[in-house]
Amino acid sequence: MDSTSETRSGSWLSVIALALAAFIFNTTEFVPVGLLSDIGHSFEMPTSQVGLMLTIYAWVVSLASLPMMLLTRNIERRKLLVGVFLLFIASHVLSGLAWSFQVLMLSRIGIAFAHAVFWAITASLAVRVAPPGQQAKALGLLATGTTLAMVLGIPLGRVVGEALGWRTTFMAIAGLSVLTLLYLARSLPLLPSQNSGSLRSLPMLFRRPALVCLYVLTVVVISAQFTAYSYIEPFAKQVAQMSGEATTLLLLLFGGAGIFGSILFSRYSEAFPRGFLLAAILALGSSLALLLPLSAQPTWLMALSLLWGMSIMCFGLAQQSRVLRLASDATDVAMALFSGLYNVGIGAGALLGSVVSERMGLASIGNVGAALALAGLLLALFAALRYAEALKSTSL
């Protein structure tokens, strides 16, 4: 291995840089969740329609992930990340200046293209630059960046949006992205494309039934999650009758719980690979089912958000780790598919949540999400029994 590109010892500094980038990308993907009401007020639109921002964004990511990964598969990875961030920053500036909802959506599509490339390559890069034997911890640190977006990024974005307007939130993300870009360019080593795969990898990957089952499970469970989570802000304000400050705290607790989820993953996922995933899905489904019954008691609803946040983080990490293991010979293609299908789930969930909100009322989003989670649990049980040998370990 060339010492100018990747050191044998690995670098925690490089992993931290990628975790910081993950914080930025996850903040901007979900920050509209906390700003739906304000954006809707600016453009005189109901939150159920504004929420379709999440669907369009997610589906652009899902459609673009694999093509963009293939188009960029031969580009040195540090250079590619710099280009991704330049597009990301320019699109956020346009978001802050958006004079119509259509322009805002156009800017979000630009961000979605950057997102598609970023998440297709980042997990495998974190594994590559990590010190030997520390790959699982590197993924955990990457997840911490994701979690901090929930803990600090989304609630902070909501606080800034309420105080200074939602446009300021997007401009602030652009500014933070510039600093992150400088940090990435300085800390990452040269990273030639490696095991990125090609179109020839697709038939090979789809001939692995355990991997295909993981992909289907991801779509089902993430759809369940985002049927409810996409509209948690209007749910908290309109159904649970919570104040703006309490709603921000609810989002903060949900995100903070993800930290504990990543700790649980690091400690127990390899020891109990099948049970860990099943427990995560069961906890997620239970959280969604209890959303409406506990909405009359804001304190209990906040406590529930802790279980909810831990469960979805555990699920996401377990799935990501298994995909990397089952497709170690084509990691970028496999992760592009995973990212794309994850976003299919986000978009489907946000769309379903919009339909449920308009047809059945906001109060029903948790129950519908719980029904999908139950379907996911049954699929996970089938996979655990049918593909026990392939899924017996999540080690990388």
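All residue numbers here begin at 1 and follow the chain in the order shown.
Cβ atoms are placed via backbone N, Cα and C, with glycine included.
According to Swiss-Prot, the feature transmembrane segment maps to 15-35 (among others).
The annotation transmembrane segment is assigned in Swiss-Prot to 50-70 (among others) on the grounds of sequence analysis. Here the transmembrane segment (50-70) has long-range neighbours at 29-30, 32-33, 36, 39-40, 43, 101, 104-105, 108-109, 111-113, 115-117, 119-121, 196, 198-199, 226, 230-231, 332-333, 336-337, 339-348, 350-351, 353-354, 357, meaning same-chain residues at least 6 beyond its ends whose C-beta is under 8 angstroms from one of its own.
Under the heading transmembrane segment, Swiss-Prot lists 81-101 (among others), citing sequence analysis as support. Through the fold, the transmembrane segment (81-101) approaches residues 21, 24-25, 28, 39, 43, 45, 50, 75, 107-108, 110-111, 113-115, 117-118, 121, 167-168, 170-171, 173-174, 177-178, 180-181, 184-185, 188 of its own chain, all at least 6 residues removed from its boundaries and within a Cβ separation under 8 Å.
Under the heading transmembrane segment, Swiss-Prot lists 103-123 (among others).
Residues or ranges marked as transmembrane segment in Swiss-Prot (evidence: sequence analysis): 136-156 (among others).
Annotated transmembrane segment per Swiss-Prot: 170-190 (among others), in sequence order, evidence recorded as sequence analysis.
According to Swiss-Prot, the feature transmembrane segment maps to 209-229 (among others).
Packing against the transmembrane segment (246-266) from elsewhere in the chain are residues 33-34, 136-137, 140, 143-144, 146-155, 158-159, 162, 232-233, 236-237, 276, 298, 301-302, 305-314, 317-318, 321: each is 6 or more residues past its ends and has a CB under 8 Å from a CB in it. Residues or ranges marked as transmembrane segment in Swiss-Prot: 246-266 (among others).
Counting only same-chain residues 6+ beyond the ends of the transmembrane segment (276-296), those with a CB under 8 A from a CB of the stretch are 221, 224-225, 227-228, 235, 239-240, 264-265, 268-269, 304-305, 307-308, 310-312, 314-315, 318-319, 363-367, 369-370, 373-374, 376-377, 380-381, 384, 394. The transmembrane segment annotation in Swiss-Prot covers 276-296 (among others).
Feature annotation from Swiss-Prot assigns transmembrane segment to 298-318 (among others); the stated evidence is sequence analysis. Long-range contacts of the transmembrane segment (298-318) within the same chain, counting only residues at least 6 positions beyond its ends with a Cβ under 8 Å from a Cβ of the stretch, are 139-140, 143, 146-147, 150, 221, 225, 229, 236, 240, 242, 246, 249-250, 253-258, 260-262, 264-265, 269, 273, 276-277, 279-281, 283-284, 286-288, 290-291, 342, 394.
Per Swiss-Prot, the feature transmembrane segment maps to 333-353 (among others); the stated evidence is sequence analysis. Long-range Cβ contacts of the transmembrane segment (333-353) within its own chain (Cβ-Cβ under 8 Å, at least 6 residues beyond either end) map to 51-52, 54-59, 61-66, 68-70, 116, 119-121, 123-124, 196-198, 201-202, 205, 211, 215, 218-231, 316, 319-320, 323-324, 326-327, 365, 368-369, 372.
Long-range contacts of the transmembrane segment (365-385) within the same chain, counting only residues at least 6 positions beyond its ends with a Cβ under 8 Å from a Cβ of the stretch, are 210, 213-214, 216-217, 220-221, 223-225, 227-228, 231, 235, 274, 277-278, 281-282, 284-286, 288-292, 349, 352-353, 356-357, 391. Summarising the annotation, Swiss-Prot assigns transmembrane segment to 365-385 (among others).
The stretch from 15-35, 136-156, 170-190, 209-229 that makes the most Cβ contacts under 8 Å with the transmembrane segment (103-123) is 15-35.
Long-range contacts of the transmembrane segment (136-156) within the same chain: residues 12, 15-16, 18-27, 30-31, 33-34, 122-123, 126-127, 129-130, 248-249, 251-252, 254-256, 258-259, 261-263, 265-266, 270, 309, 313, 316-317, 320-321, 395-396, each at least 6 residues beyond the stretch ends and with a Cβ under 8 Å from a Cβ of the stretch.
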